[in-house]
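Input: a single structure, listed below in structure tokens.
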Amino acid sequence: MSADFPDDAPHDARTDAHAIAPVSPRTPRAPGRVIEARPTSLRGAYPPIEPFESGQLDVGDGHTLYWERCGNPLGKPAVFLHGGPGGGCSPEHRRLFDPEKYCVTLFDQRGCGRSLPHACLEHNTTWDLVDDIERLRAKFGYDRWLVFGGSWGSTLALAYAQTHPMRVSELVLRGVFTVRREELQWYYQKGASWLFPDRWERFLAPIPLEERGDLMRAYQKRLTSPDEALRVEAARAWSQWEGSTITLLPDESLTEAFGDPYYAIAFARIENHYFVNDGFLAPNQLIDGASALRDIPGVIVQGRYDVATPARTAWELHKAWPEADFYWAPDAGHAFSEPTILHWLIEATDRFARAS
């Protein structure tokens, strides 16, 4: 069942229809470990793999979602939630799971990647996506599945797990982000700009001086403009700001990839749409709702020098959900591909496969 609310609906109207579900008792869990280390022998991603099945799912409201399944059809069920919102899945995401042990579902969220219509903002909210995850779970006949999400994917994973806790066997989160106003202000108004002043100048460039008091709103005006050239200019600047700041060490290939116009239009429009609406969440909703997670086995992996989703949010989630294991990557920023982050993610998915 889907609840559709206009963007200007009050937060409580958006969240009441997706209140935290009552949790049936499971075995009480002991406090998790907190580890900060760079292992001497780092695990890498699994070899490239192709889907054994893919398709399009009509989820209503004019949207169709691209989905694919990879690995062992009889393996442990898992769903991968990509970032952004608006980032889409890539072949690299398939490599985070042992293909002999897992059956992994990946999908492009509404409006991005291979899902249609491209860059569409209508009927595109957190709660629409939560409902889409449930549609996919039901389609494939799973009772529960491991939920893996990084960056915005961690936001969506938390929203899904707090709404449907009995459908989640384990949670693996990376670069925790909860779309609170202070997190957005840090990255899009004042904070990260102090660390990357040169790249910040490029982010500011499309916005006149008189509109820089609220950069997210100024970008919204341009990303929804009927002028295609204006939309593309704004989308590339927004997207490349993120691409240039998500790794501890510079990676120009990421910056270039984030600037691809087709990718950037969906990425920037959808991100901005969610962020000016506070993720369609009540203030502090995902931290306050962490009690729903207490019986779910979990792992949090956080780059110590993550500028896009600073470590404070992950640490606050850890305090609210102490049963999850917490792994600091002491030599990493935000990207899942940074070696120590990748190591701990592979260790997490392997451990949960062994425990099944």
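Backbone N, Cα and C define each Cβ position, glycine as well.
Just so you know, TrEMBL annotations never went through curation; they're auto-generated.
Here is what TrEMBL records for this protein:
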- Ser151: active site, nucleophile (ACT_SITE)
- Asp306: active site (ACT_SITE)
- His334: active site, proton donor (ACT_SITE)
- 8-17: compositional bias 'Basic and acidic residues' (COMPBIAS)
- 79-336: domain 'AB hydrolase-1' (DOMAIN)
- 1-32: region 'Disordered' (REGION)
Subject >> Alpha-carbon spacing, the residue listed as 'active site' to His334 (active site, proton donor), which is rounded to whole Å >> reply: 5
**OP:** Report the mean pLDDT of the predicted model across the domain 'AB hydrolase-1' (79-336), rounded to a whole number.
**Re:** 98
Original post:
Cα distance, His334 (active site, proton donor) to Ser151 (active site, nucleophile), nearest Å?
Top reply: 8
Original post:
CB neighbours of Ser151 (active site, nucleophile) within 10 A?
Top reply: 26
**OP:** May I ask you to report the DSSP-based helix, strand or coil state of Asp306 (active site)?
**Re:** coil
Original post:
Near His334 (active site, proton donor), which residues of its chain come within a Cβ-Cβ distance under 8 Å, counting only those 6 or more away in sequence?
Top reply: Ser151, Gly175, Thr245, Ile246, Thr247, Gly303, Asp306, Val307, Ala308, Thr309
**OP:** Measure from the Cβ of Asp306 (active site) and count the other Cβ atoms within 10 Å, all protein chains considered.
**Re:** 28
